[in-house]
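Per TrEMBL, region 'Disordered' is recorded for 32-60. As annotated by TrEMBL, compositional bias 'Pro residues' applies to 48-60. If you look up TrEMBL, you'll see 102-317 marked as domain 'YjeF N-terminal'. TrEMBL lists ASN152, ASN153, GLY154, GLY155, ASP156, GLY221, PHE222, SER223, PHE224, HIS225, GLY226, THR227, ASP258 with the feature (6S)-NADPHX binding site. Look at TrEMBL and you will find ASN153, ASP217, SER261 tagged as K(+) binding site.
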Amino acid sequence: MLTVAASALLRNNKKSTAAACFSLAMPFLLSSPTPPPPPPHSSSLPRSPSPRPRLPLPPPRRAALVTAAQDPRWRRAMASLAVSASASASGEEVTHLAQREAAEIDEQLMGPLGFSVDQLMELAGLSVAAAVAEVYKLGEHTRVLVICGPGNNGGDGLVAARHLHHFGYKPSVCYPKRTPKPLYSGLCTQLESLTIPFVPVEDLPANLSEEFDIIIDAMFGFSFHGTPRPPFDDLINRLVSLSAIDNSAKRPAIVSVDIPSGWHVEEGDINGGGFKPDMLVSLTAPKLCAKKFTGPHHFLGGRFVPPPIVSKYKLHLPPYPGTSMCVRIGKAPSVDISSLRENYISPELLENQVMPDPFDQFVRWFDEAVTAGLRESNAMALTTADKEGKPSSRMVLLKGVDKQGFVWYTNYGSQKAHDLSENPNAALLFYWNEMNRQVRVEGSVQKVPEEESEKYFHSRPRGSQLGAIVSKQSTVIPGREVLQQAYKELEQKYSDGSVIPKPDYWGGYRLTPKLFEFWQGQQSRLHDRLEKTVGHRSTS
């Protein structure tokens, strides 16, 4: 059986096994490739009118799933993990290239397919920097040593150093054998203009762990043959000594670009004496030696493989999430939940800097969240409780705010509506992760006037209007196909463009605040928290 909500809950009424949940927001029932709808229990439309002066509430901008400028690491990681899970579920193994195939692909990319070496180097270096930033957080892994070899792999490292600098890291570069070509000289000039230090081999500290949090191995790529010569042999041995330290917290993380230096491109660490990197960033496609990689983080980078290459070499590569330049390959490492923490860095929240009226302060923060491009900055957790005090929470979307309160819309037959009919007290929580901010609002709830709900309903997309009629939240139905069929019937009924009537069981609520709490994350858990009651002020 299926419980209808803006998201549906699949229930097994014959067994006591745990129920399975899946999304069933009504716009998803359309077969056309329309954009995904807002989160459950919501709809994206203009705010309801109010007879009193309104505070400005800019319409929230739906950001792209991921963008280089605003994409939080967590969101990228989740998308990357989802892609990895999808690839694993397909049963197809990611293609691994032999040395000859890798060389042929490079030749074709830089020949008939029109790429230049500097283009590929730029994309590869950006991919490495993106993978590093996805796993190793600023504040905990800020100091980076990039060891560059004389070839293209070293060039990738130079580009990665530049991007890491712009990401906020503090890279240093060890480039013992500079390549006397304009491309490489230009890359060095770029780094020098950013005051990124070049460290001679002889000036490297005896204990790399004391001065660096990450070491990027960009010494040798898939075209390298033979035995590493000085000074690279000694540098590789130093990485071997570091990787032998079991406790990774006491040494720098080691990241290898495409091939762990010293490994055979196809057979891997043949004699077992090589170093074991913590991360491998394969480029174009993993090389055969990557099958021997046992570290926790394997990424694919270099989002530039055109269809002719994929077809000719029968490549099976995972799709890149959103606009990301890297994608995780294989399973994500197990995580110690107790070790997950963020050391917030934020401006202080001082009482003398906060607006006297908490409504005005909320709108100021809300406007800043919208301006920053945060995805669905109007999303809020709504907590209600029934007459026995049993609480329940869900995410809804704010659709209006003024001096009277906060407005959202829903089905009057839903669980939250049932709770509010028994207990009109509720709480809202806005959480803007990227800004280290949250706002709690407590108060009493009433239905908005019918004409206000009516006006808002008819400002919604027609698909959302039909969905509100079909989706009788918290009722049990035989299955998803019942919703789909009902939706199609209504779609046909109103296909002439006639007005769709608002159902009596759908409308808005307004929470009238009694208390605001503004929270700003700070270092060492010494967070700022300012509590304001409506008409009064106090801090804690």
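Cβ coordinates are placed from backbone N, Cα and C, and glycine is handled just like the others.
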Item to check | binding-site residues (GLY154, GLY226), the one with most neighbouring Cβ atoms at 10 Å | outcome: GLY154
Checklist entry - In angstrom units, rounded to an integer, how far apart are the Cα atoms of ASN152 ((6S)-NADPHX binding site) and ASP217 (K(+) binding site)? => result 13
Checklist entry - From the Cα of ASP217 (K(+) binding site) across to the Cα of ASP156 ((6S)-NADPHX binding site), what is the distance in angstrom? => result 10
Checklist entry - Among ASN152, ASN153, GLY154, GLY155, ASP156, GLY221, PHE222, SER223, PHE224, HIS225, GLY226, THR227, ASP258, recorded (6S)-NADPHX binders, what is the largest CA to CA distance in Å? => result 21
Checklist entry - On a count of neighbouring CB atoms within 10 A, which of the binding-site residues ASP156, ASP217 is highest? => result ASP156
Checklist outcome for this item: CB neighbours within 10 A of ASN153 (K(+) binding site), counting all protein chains shown, number 25
Item to check | Additional residues surrounding K(+), by Cβ distance to the ASN153, ASP217, SER261 centre under 8 Å | outcome: ILE147, GLY149, GLY154, GLY157, ALA218, MET219, PHE220, GLY221, SER256, VAL257, ASP258, ILE259, PRO260
Item to check | Alpha-carbon spacing, ASP217 (K(+) binding site) to GLY154 ((6S)-NADPHX binding site), which is rounded to whole Å | outcome: 9
Checklist entry - What count of other C-beta atoms do you get within 10 angstroms of the C-beta of SER261 (K(+) binding site), across all chains shown? => result 25
Checklist entry - Fewest other CB within 10 angstroms, which one of the binding-site residues PHE222, PHE224? => result PHE224
Next on the checklist: Just to be sure I understand the packing, how many Cβ atoms besides its own are within 10 Å of the Cβ of ASP258 ((6S)-NADPHX binding site)?
Outcome noted: 28
Item to check | Pairwise CA distance, ASP258 ((6S)-NADPHX binding site) versus ASN153 (K(+) binding site), rounded so that it is a whole Å | outcome: 8
